[in-house]
Amino acid sequence: MDAIKKKMQMLKLDKENALDRAEQAEADKKAAEDRSKQLEDELVSLQKKLKGTEDELDKYSEALKDAQEKLELAEKKATDAEADVASLNRRIQLVEEELDRAQERLATALQKLEEAEKAADESERGMKVIESRAQKDEEKMEIQEIQLKEAKHIAEDADRKYEEVARKLVIIESDLERAEERAELSEGKCAELEEELKTVTNNLKSLEAQAEKYSQKEDKYEEEIKVLSDKLKEAETRAEFAERSVTKLEKSIDDLEDELYAQKLKYKAISEELDHALNDMTSI
């Protein structure tokens, strides 16, 4: 009888231990499942971060590409501005040469006008001499008349020359006015061109500053891309580690489930043995 009681106590103790182990196995299983879910959540979070890192890398790559395109456009604008400056300098030189030629034509016209005035004075003096001789010497009337006709012819010729010179003078004055107007326009244009040149120079300096700024940004983007690449590698490593951890935990869960099943079988066997013992006691 004592042996049976002792055996029953041992069976009860084994049953309690089996229950404790079963509960512990259940707790371990739940903890493993919680840890597995936590790792799965971390894996999803890491995958999202990885996707965000890839998107950010694409964004910086696109920004770097835009910066390079803007830099190329700035260099093209600077080249075009230099070509415009050279063209404007050539135009200024042509205007200055045309102004010099106009001034030379004006000086020639003034000289011809002075010569015409001298010829007119000489003609007037000749007519006075002829008239004086006509008054003093009537016997030489025919000669004087001839001389008078000649003088008139000379005077008429001089008048024609004077009119022609005057007409040419008007034309020359008109040319001079146009030349002065063109000179004023040229001076105004030169001032505008100088102002445009200053603007182009300032724009060129601004473009150079922007190019330097873009170069600095490019270095910064390259450094950020390098940092992001390192973070990407680190995230990939963590993701791989998390996947391996999940695999291990899944295997641990399977092992725990197997152990739980074995404990249940053992508990069932102990319960059956305990029932048999109770039946034996009842029979006694």
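Glycine residues also receive a Cβ, built from the backbone N, Cα and C atoms like all the rest.
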Site from SER45, SER87 that Swiss-Prot describes as phosphoserine, others unannotated there: SER45
Candidate set SER215, SER252, annotation phosphoserine, source Swiss-Prot, matching residue: SER252
Residue from TYR261, TYR267 to which Swiss-Prot assigns phosphotyrosine: TYR261
SER45 (phosphoserine) to TYR261 (phosphotyrosine) - Cα separation in whole Å: 34
Three-state secondary structure, which DSSP defines for TYR261 (phosphotyrosine): helix
